[in-house]
Amino acid sequence: MPAELSPIDKAKFVAAKRAVDFIESGMKVGLGTGSTAAWMVRCLGERVRQEGLKIVGVPTSTRTAELARQCGIHVTSLDEAKWLDITIDGADEFDQNLALIKGGGAALLQEKIVATASDQMIVIADAAKEVQQLGAFPLPIEIIPFGWQTSKALVEEMLVSMDVLARDVTLRMNGERPLVTDESNYILDLHLKRISNPRQLALVLNQIPGVVENGLFIDICDIVIIGHGDGRVTVRDINSGSETDDQILFAPTDNIFADLGE
Ligand SMILES: O=C(CO)[C@H](O)[C@H](O)COP(=O)(O)O
C-alpha cells in the first residue's frame, strides 16, 4: 500500500476489496460511480486478469465505463444485459435501514436504474458515510434542462408545503455553466440538513414535472460494506440482520494503483 494513501482512501479500498468477493464467474455486475466504486472496478479488474474471472459489467457512467475497459472488464449496456446479478456502488450517506443518498457524482439516474435492475445491491462506503438521519449531505435531483427554473420553483414550493425548514435549492455548476449529466440533464442540490421522511420525499419529488429522478435510494440496498482506515471491514446485511467484521490485508498489486485519477 503506497504511503500517500490517506486513511479515507484505505477505508474505501478495503470496502471495495471485500465487495468483489461477492462476485462469481458468470455474473452480470452493475458497476457504480465515484471514488469508492472506482476502487471496486480496479479490484474487480485484478480478479479478471489474475483469476480469469468471466463477468460482464454494466457501468453507471461514462467515467466508470472508461475505467472498466482500462481494467480489462468486458462492458455492455443494461439493455443488452437486461437483468443483473449484483450491483456494487458507493453512497454519500446511508442510515440504519440502508436508505441512501446518492448522486454526489451526478450519476444517480443511471445508478438507480442499474441498482433496481439487480438481484442485489451492495453499497461500499467509509464509516463517515453512516448517519442517524439522512440529509446533512445535499440531496441531488436530476431535472431536464427545459424550464429548469420552473421545476426548481416547484421543488421549493413543495418543500414549503411539506414544512421543511432548511430548503436551500441550488443548481449544480461546472465552472461557469450548469453541470450536465451523462443523460444531458441538470442537477439540483437540496440543502435540507435533515430528511424526516425520506420515503415520502422521494415519492413527492418524482411527481414534479421536469424532475427525472431523485438521489434517495429506499429499499434498494441489501448489504453495506463499511471500510475503516485500519483495514477493518464491517459487512451488514439488512435482510438477514447479520453483521460481521473482517480484516483486509493491504496486498494490492502495482496495477491497482497505476491510476489514482478518480
Ligand atoms: O452517488 C455517487 C455518484 O453519483 C457516488 O457513489 C457517491 O457520490 C459516493 O462517491 P464517493 O465514493 O466518491 O464518496
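Just so you know, glycine gets a Cβ as well, placed from its N, Cα and C.
As recorded in TrEMBL:
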type	residues	note
ACT_SITE	GLU111	active site, proton acceptor
BINDING	THR33, GLY34, SER35, THR36, ASP89, GLY90, ALA91, ASP92, LYS102, GLY103, GLY104, GLY105, LYS129	substrate binding site
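On the structure: features taken from TrEMBL.
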{"residue": "THR33", "record": "substrate binding site", "contacts (Cβ under 8 Å, 6+ apart)": "PRO59, THR60, SER61, ARG63, THR64, ASP89, GLY90, GLY105, ALA107, GLN110, GLU111"}
{"residue": "ALA91", "record": "substrate binding site", "contacts (Cβ under 8 Å, 6+ apart)": "LEU100, ILE101, LYS102, VAL123, ALA125, LYS129, PHE217, CYS221, VAL224"}
{"residue": "GLY104", "record": "substrate binding site", "contacts (Cβ under 8 Å, 6+ apart)": "GLY34, ASP92, PHE137, PRO140"}
Residues among the binding-site residues THR33, SER35, LYS102, GLY104, LYS129 that border ligand 1 - Cβ under 6 angstroms, in sequence order: THR33, SER35, LYS102, GLY104
For ASP89 (substrate binding site): DSSP state (helix, strand, coil): strand
Cα-Cα distance, maximum over THR33, GLY34, SER35, THR36, ASP89, GLY90, ALA91, ASP92, LYS102, GLY103, GLY104, GLY105, LYS129, record's substrate binders, Å: 16
Binding-site residues: LYS102, LYS129 - member with fewest neighbouring CB atoms within 10 Å: LYS129
Assigned conformation of LYS129 (substrate binding site) - DSSP reduced to three states: helix
Beyond the site residues THR33, GLY34, SER35, THR36, ASP89, GLY90, ALA91, ASP92, LYS102, GLY103, GLY104, GLY105, LYS129: chain residues whose C-beta lies within 8 Å of the centroid, for substrate: GLY32, ALA37, GLU111, ALA125
Collapsed DSSP category at GLU111 (active site, proton acceptor): helix
Assigned conformation of SER35 (substrate binding site) - DSSP reduced to three states: helix
